[in-house]
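Only one structure is covered here, and it is reproduced in the block below.
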C-alpha cells in the first residue's frame, strides 16, 4: 500500500491552521518526513513517487508550513519533474503544478533553502503562475473547477493577484460554481481563496502560545488580495474574520420521474483487445448520480457489469470496472467522460447525468 503522504500533509496543514492547544506536531511531522522518503525510494526505479507528484508536493508544502527544512534532493525531484512536464495526467496538471508552486514559494519565502536554490524556486513558481494564466478557458476556469482554487492560491501566494487578469476571471467562475464544492476536502481548497488567502498564510500565523505575540495576534504575510463586493455567497457561507459559520445548507430536493443513461466501458490497447467492453442503457431515478448509475447497472446485470470504489477524502474514487483495476504503479486510471469526449469535472458521487446522456468509463494512462 502506498504511503499516506497526501492525507497526512492535509491533516498537518489543517492542524496548523486551527492553532490547537495540544497537538502531536513533532511526531506527525516526523512521520510525514518518513512518508516522503518512502514515497520515493519505494519507486526509485520508476523515477516518480509511489503515490503521485500532487501528494508529494503537498508533503513538502506541509513541512514548510510547519517551518521544517526539506532535503535539497527532495526539492530537486519536484523541480526536475516540473521542468520535464511530468506533473500531471490527461493534459491537465493544474492542481499538481499549483501545489508544487505553493511548496516552492513557501520554501523560498520562509528562507528554508540557500540563496541559489531560492532563486530557482522563485523562477519555477512564476513560470507555473504564467502557465496557469495561459491555461485559463473562456469560461474563466483554470484546468477544471476543482483545480481553479489551487491556481488562485498560487496567484495570491506569488503576489500577482492584483495585476494578473486571469485572477479576476477565475474568481468570477469560482463564485458561479460554489455548489460544486460539497466535500470537506474541496471546501478546504476554496475557503482560503474566498478570504483572499492561500495555504502559505498558515505558515505566517502565530498562535497564542508562541513567544512574542499577544493572544489572537496574526501576521498574514506580505501578499494579500482583499475582499471584493459579492465574492462570498451569503446563501452558502458567511466569512467574518477567521470564523466560518454554515448557513442554509439544505439538502437538494428530490426530482420526480426517471431517466435513461447509456453506460459505456472502454479499454484501449495495450490493456485490452477490444476497445468497447460494455454498452448498455441503464434506467435510473431522475436525480441519480453517476455512482447511482453504476450501482443500477451492477444490480441489473451482475454477471455483465461490476465495479469497485475506494473511499478518499474527496469522496468515492473509481478503482475497478469489469475486473480491470486501475493501479498507481501502472500509471493508469478510470477516466470519466460524457460523449463524445468531454472529461467530467466532478466525481462519481457528485455528477448527475442528463436523460439520454452517454457516459464513458475509459481506462487511461497518465
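Cβ coordinates come from backbone N, Cα and C, glycine included.
Whatever TrEMBL says is automated annotation, not expert-curated.
Quick look at what TrEMBL lists:
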{"type": "BINDING", "residues": "51, 52, 53, 54, 55, 95, 144, 189, 334, 335, 336, 344, 366", "note": "cyanocob(III)alamin binding site"}
{"type": "DISULFID", "residues": "64-106", "note": "disulfide bond"}
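Within 10 Å of the Cβ of residue 336 (cyanocob(III)alamin binding site) there are 20 other Cβ atoms, across all protein chains. If you draw a 10 Å sphere around the CB of residue 55 (cyanocob(III)alamin binding site), it holds 24 other CB atoms from the protein chains shown. Among the binding-site residues 51, 55, 336, the residue whose Cα lies closest in space to that of residue 106 (disulfide bond) is 55. Look at the Cβ of each of the binding-site residues 51, 144 and count the other Cβ atoms within 10 Å; the largest number goes with 51. Each residue contributes its Cα atom, and for residue 334 (cyanocob(III)alamin binding site) and residue 64 (disulfide bond) those atoms are 33 Å apart. Calculated from their C-alpha atoms, the gap between residue 51 (cyanocob(III)alamin binding site) and residue 64 (disulfide bond) amounts to 20 Å. Here the CA atom of residue 144 (cyanocob(III)alamin binding site) lies 27 Å from the CA atom of residue 64 (disulfide bond). Just so you know, the Cβ of residue 53 (cyanocob(III)alamin binding site) picks up 22 other Cβ atoms within 10 Å once every protein chain is counted.
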